[in-house]
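Participant: Here's a structure for you.
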Amino acid sequence: MKMKSKGVKCSGCLEGLIVKGIAGFYYVKSGDTVYRCKARGIFKQRDIKPAVGDKVVIEVIPDNDDSLIVDMLPRKNSFIRPFVANVDCFIIVAAAARPSPAPIVIDKFLVMAEKSGTDIVICINKCDMADSLQSKKAEKAEENIELLKNIYSSLYPVVCLDSKNGIGFDELKKLIKGKASALAGPSGVGKSTILNRLIPEAGAETGKVSEKSQRGRHTTRHSELFTIDVKTGTMIFDTPGFTSFDVLEAGEEELQHFFPEIMHSAAACRYSNCRHVAEPGCGVAKALSENKISESRYESYVSMLDEIKKSKQY
């Protein structure tokens, strides 16, 4: 539901930011103070639920432990799983190894981020494994790092992280400065470890990766928004989700808009409704043949397009 501020004015009212929501209570930060709040009944009547990341107006009630959320400001974006709002930047996380990266999975997260209008940073975590694993596995980890750099470095900032030793985090902090960022990526890539490096007080639990499935356990139980740097307003969401994205949330016609390099080459297509699969005079096909578009990215685009088309048959 689209949010419209009612411009509520009252004595004792403050603007703030929801930093945590749990057990029916919302914790709203205003200035240096965090207020425990309940939402007005009118929100439930209108089927509106406040989310972590929402900017709200609260009424501080004297001699009462709890304040009241009386208004919500318009959202930049919002997500259902996990239920958060106003994400400025997605940090898409892949691992150099354990689990090995799957470009199609990364590309689905990138579509989610592009569709939401956020900034994007790609982090390759566990880069230390290229040095610490046995020779063949270390070589494979190094190959994975180079593969991801080759695919994505011309499109988005790519940062190599060694979470154990804190390497790469200064660069990451520069890229997310002044933004409310969220970590996204499959289980087991080390999102909680990254969060603990950025915000030690978050105390996010980390889960071991199953040797059989090469997946980690979901270890975060509720969403919370932590401040990394008060002066710059740099924040990060800790969420139990953003481990998958349903590409069907993107339409067949709009999918190309979420692949910047495909959209750029599409300007040269003969037909305006070209889907860049088998049409004559396709600018994307030409760019692909000239290695201006990654074959991996194009394969992801076609795979997602097929997935969307098949969903329409049922």
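Keep in mind that glycine also has a Cβ here, set from the backbone N, Cα and C atoms.
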Participant: Write down the one residue from Cys160, Cys282 that TrEMBL lists together with Cys269, Cys274, His276 as binding Zn(2+).
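Facilitator: Of the residues offered, the record points to Cys282.
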Participant: State which of the following binding-site residues has the fewest other Cβ atoms within 10 Å around its Cβ: Asn125, Thr193.
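Facilitator: Minimum Cβ neighbour count within 10 Å, taken over the binding-site residues Asn125, Thr193, occurs at Thr193.
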Participant: Tell me the Cβ neighbour count for Cys269 (Zn(2+) binding site), meaning other Cβ atoms within 10 Å of its Cβ, over all protein chains shown.
Facilitator: 20
Participant: Can you tell which of the binding-site residues Cys127, Ser187, Lys191, Thr193 lies nearest to Cys274 (Zn(2+) binding site) in space, using Cα positions?
Facilitator: Ser187
Participant: Between Ser187 (GTP binding site) and His276 (Zn(2+) binding site), what is the CA-CA distance rounded to a whole number of Å?
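Facilitator: The Cα atom of Ser187 (GTP binding site) is 32 Å away from the Cα atom of His276 (Zn(2+) binding site).
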Participant: Taking Cα atoms as reference points, rank the binding-site residues Cys269, His276, Cys282 by distance from Gly185 (GTP binding site) and give the first.
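Facilitator: With Cα distances computed to Gly185 (GTP binding site), the winner among Cys269, His276, Cys282 is His276.
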